[in-house]
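Asker: Pasting in a structure now, in structure tokens, and then I'll have a few things to ask.
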Amino acid sequence: MAYANRNQGVFIPYQQLVDLRSLNHPHVTFVHGPPIGLINPRNGPVGPPQFVPIGVTFHRSFHELLIRMEEEKSRSLLQFMAGEGLVPSPEEEIKRKNAIEKLKQIVMEWIKRVACNRGLDERHIPAASAAVLTYGSYGLGVHNSESDIDALCVGPRFATMGEDFFVVLHNMLTSRPEVSEVHCVKDAKVPLMRFKLDGISIDLPYAQLKVMSVPENVDILNLYYLRNIDETSWRSLSGVHANKWILRLIPNTKVFQSLLRCIKLWAKRRGVYGNVRAYSLLLGFFGGVHLAILGAFICQRYPNARLSGLISSFFGTFTFWDWPKPIILQDGTLPISGSAAEPRSFMPIRLPCRPHEYCHSNITKSTFYRIRVEFLQGHTLTKDLLRPDFDWGCLFEPFPYAKKYTRFVKICLSASDQDELGEWVGWVKSRFRSLLVKVCDSLPFCIFRILPYLKSQQLEEIQGFCDPNPTEYVDVNVAEPNTVFYWGLQQERSHFLDIKPVKDDFVKSLSNGPTGKITLLVVQASQLPKNAQFDSESNKGYLNPNANLN
């Protein structure tokens with residue numbers, strides 16, 4: 001948003017700078033004025049926006065002109081989003097609501113069966129109750145036609161996770177014809193069941209409260225229900241907590257939802273957000289909660305801004321953010337200064353719930369660098385978005401992996417059938433971060449042989465760059481069911497990589513879990529399947545990922 005003052009100057013937030021000459025408006029006249037300087041946003045305050053004076057004289061309606069232009073750009077962005085299928089149809093919405101209602105009915109039947117099995121008094125069995133709470137993209141209202149549903153099963157004190165959730169409820173789900181592909185993920189940080197209900201994928205973790213009955217509309221922020229719960233249940237509840245706090249703290253829900261849809265599409269297209277849930281976190285990219293908090297942070301900073309201005313501010317803010325300074329939402333009750341940052345994270349983002357925790361993150365030097373490059377690219381593209389010829393499509397062009405990297409690590413996972421493949425892929429992906437570190441450590445292989453006496457911090461400085469593309473592919477030339485990943489390698493050092501010891505070391509870490517086949521190869525960009533190039537026809541306007549950000 002632009003602001004006018006009595007001295008006929010226009011003040012525009014730094015993130016929304018625009019060359020006014022490009023507006024070509026008859027009532028704008030440029031005059032010579034005193035020298036001015038830009039305010040460095042890196043050193044500025046966190047709260048109010050910073051302003052840059054521009055010496056112009058203008059018609060009284062110029063301020064209204066800028067507002068109309070911002071509104072028009074916001075409308076064009078909403079039209080672009082609709083064209084990309086980011087908003088589900090009414091029929092799809094009804095299908096999801098019906099699936100959630102069915103799941104709630106199943107859970108209510110389950111808890112009454114568990115009450116009988118546990119020998120509760122017959123008078124208390126009808127009152128036995130459990131709840132299903134949605135969170136994630138569906139809970140925030142930013143899901144699309146392809147989104148899965150994150151749902152949490154909340155049960156009372158007598159319903160255990162090991163016996164009642166993973167056995168009794170699992171058996172009830174598998175016995176129903178509308179439920180398919182039921183998988184138990186018991187060894188994850190947040191244990192859950194994954195299945196399809198009426199064709200819609202659902203992830204269902206479990207939280208056990210120390211009460212005898214959980215009302216269907218339970219207020220999970222009420223401290224009464226959170227007393228003495230175990231650590232696993234607390235982690236399971238964190239997603240619901242974060243969602244509810246975010247929706248409480250944002251100034252405008254609809255604007256926030258539109259902004260979040262946009263930045264999620266941008267992050268997916270640019271390869272810094274996993275298409276498969278949790279895969280992005282394992283590799284050190286953004287997950288849904290990271291982007292939701294970043295979007296909410298911008299909405300809090302600019303509560304009256306329009307969508308187009310928020311997009312520009314998003315990239316302008318995080319391009320120049322002083323990482324690892326943490327991102328913290330203001331909740332109006334606790335001071336945000338003096339908070340200890342997550343020491344292990346390159347980009348600490350705090351969850352908006354109490355006790356305060358930080359979003360789980362596995363960001364490495366490679367992924368931190370990639371994310372910063374993409375922030376800078378987005379800032380470069382959107383700082384002049386009020387230009388008449390600005391096209392939103394340039395911001396959302398897919399990352400052209402095949403043009404950025406000449407060599408890739410190809411990781412092919414296969415199994416005898418689709419069910420075994422699902423378990424095998426999940427197991428391997430849960431250990432992908434260690435593979436990423438091994439690949440990076442092995443890139444300057446000859447240097448390690450020549451200088452084995454280097455200190456550990458020196459080894460980090462010469463560590464290679466690997467870009468783990470989050471997208472999954474299928475190799476049609478492999479007869480067995482398979483999933484393939486392609487990770488881009490730093491051009492200068494990729495010829496040093498000896499993949500065999502990397503593979504042997506990684507395979508050892510996969511013992512004591514599901515079994516399957518794994519193949520690691522270094523391939524040329526010309527050997528990529530066509531769809532691995534994301535069908536990108538233009539590389540115009542993108543920064544070199546090997547450019548120096550400093």
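From the backbone N, Cα and C atoms, a Cβ is placed for every residue, glycine too.
Remember, TrEMBL labels are computer predictions, not curated facts.
The ATP binding site feature in TrEMBL is assigned to Asp148, Ile149, Asp150, Asp203, Lys264, Tyr273, Gly288, Val289. What TrEMBL lists as Mg(2+) 2 binding site is Asp148, Asp150, Asp203. Per TrEMBL, Mg(2+) 1 binding site is recorded for Asp148, Asp150. Residues or ranges marked as domain 'Poly(A) polymerase nucleotidyltransferase' in TrEMBL: 70-250. The domain 'Poly(A) polymerase central' feature in TrEMBL is assigned to 255-397. The transmembrane segment feature in TrEMBL is assigned to 278-298.
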Asker: DSSP helix, strand and coil counts for the domain 'Poly(A) polymerase central' (255-397)?
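Answerer: When I sort the residues of the domain 'Poly(A) polymerase central' (255-397) into the three classes, I find 68 helix, 6 strand, 69 coil.
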Asker: When neighbour density is defined as the number of other C-beta atoms within 10 angstroms of a residue's C-beta, which of the binding-site residues Asp150, Asp203, Val289 has the lowest density?
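Answerer: Output over binding-site residues Asp150, Asp203, Val289: least Cβ neighbours within 10 Å is Asp203.
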Asker: Enter the number of other CB atoms within 10 angstroms of the CB of Asp148 (ATP binding site).
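Answerer: Total other Cβ atoms inside 10 Å, all chains included: 17.
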